[in-house]
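Engineer: The following block contains the structure, expressed as structure tokens.
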């Protein structure tokens, strides 16, 4: 009986404190509002040389900062109250279990652990709220305009890869899990050629540097080289129904909203069923392939943990690149030198050097903690790698021990791409976002995503086209569509 009465008494005291504390919080909030209302009215009434639009934006931002800190203050008081209540409860339990197995040292350890958990919760809340305030200021400074220009709809399954031809006529290529690769008119969104020579998922597509040839890698354990000849249709003038959305704007949408592909748009375009060359040597899925500089050799990456170097003319295997401990996820070649980089599920990526015909060297880059989904070359001696550990790292090939920049994100990274001219990295994410960063790790923009535009499911790949006047960035994803974007990054923002 003494134990029960002591516990009830402690509970009644805690309840009374909670009630009085809640009233004090309400009184504090009302008094704070009364205090801040007068200075704000005085500020609005004062003469200012600032433009009205800038002034209103500043007032709105200061209001947001005030509200965020007010919420932090209230949450801080609530957490302190919870800590006091917990300490009182533990103290009451210590009196009630007097003589039981719970010693004073154990009770102190339990109270300390619970307090540390609440302290960590307070830190997390503070960080989240502070990041919101910082994002508000970033939105006003980074006025990068990202405009959706064209959607390319026609595949029957998710699109793994997207690429832009490097010769005239400039066309868009997509590789899909529906066992086909499609070539598109960038201006009209019309399908020009359908390649159906694979019997498995088409995992990547790359165009020859100087000829009308395409290289595709497939789940049927082969890579195909095939020729295409297209004539671009005349673009028809259409009303501009797109929206210009700046920087970080975003609206959530449902995963169920996917493009309507009931009509097979690829059925009307010419179909290629037989490749010029079929490259066979892998014992597993060929996940990626790329042309070496000059276009006389290609490299393939496979789930059999190897990358193979082939001669295009003879289709013979030149080198088998071994060393990765798990499946390969991607391969990429240098635009001007005989260098190859391969990435793997073993958390590493490797640089293969074929500049000396007699020997080839390899360097291993370690720095990620999960699957390296892609690694690509950029300007100079830099490589950019993306991983499922939610980070992107920029490396200097002359110093492999540590990255020169690290970008931390909130979602796994898929196949990244770098705009060499503007030094901008496009990051497609598992969470349907596409973000743009510069080479030093500063975020420039996020592509808009809403119920009317943007990707509805995971974004798999991105590709830049620096010379096309209409679109300079393309993305594709599991929602079975590719999207062409017009990205305008102010020069001042890039310098920052």
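A Cβ is built for glycine as well, from the same backbone N, Cα and C atoms used for every other residue.
TrEMBL labels come from automatic prediction, so no person has curated them.
Quick paste from TrEMBL:
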- 69-96: coiled coil (COILED)
- 1-10: compositional bias 'Polar residues' (COMPBIAS)
- 22-31: compositional bias 'Polar residues' (COMPBIAS)
- 1-35: region 'Disordered' (REGION)
- 152-194: repeat 'WD' (REPEAT)
- 195-227: repeat 'WD' (REPEAT)
- 279-320: repeat 'WD' (REPEAT)
- 321-362: repeat 'WD' (REPEAT)
- 365-405: repeat 'WD' (REPEAT)
Engineer: Using a Cβ cut-off under 8 Å, which residues of the same chain at least 6 positions beyond either end of the repeat 'WD' (321-362) come close to it?
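Structural biologist: Contacts with the repeat 'WD' (321-362): 284, 287-293, 299-309, 368-377, 383, 385, 387, 389, 397, 415, 420.
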Engineer: By DSSP, how many residues in the repeat 'WD' (279-320) are helix, how many strand, and how many coil?
Structural biologist: 0 helix, 23 strand, 19 coil
Engineer: If you average per-residue pLDDT over the repeat 'WD' (365-405), what number do you get?
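Structural biologist: Averaging the confidence scores along the repeat 'WD' (365-405) gives 92.
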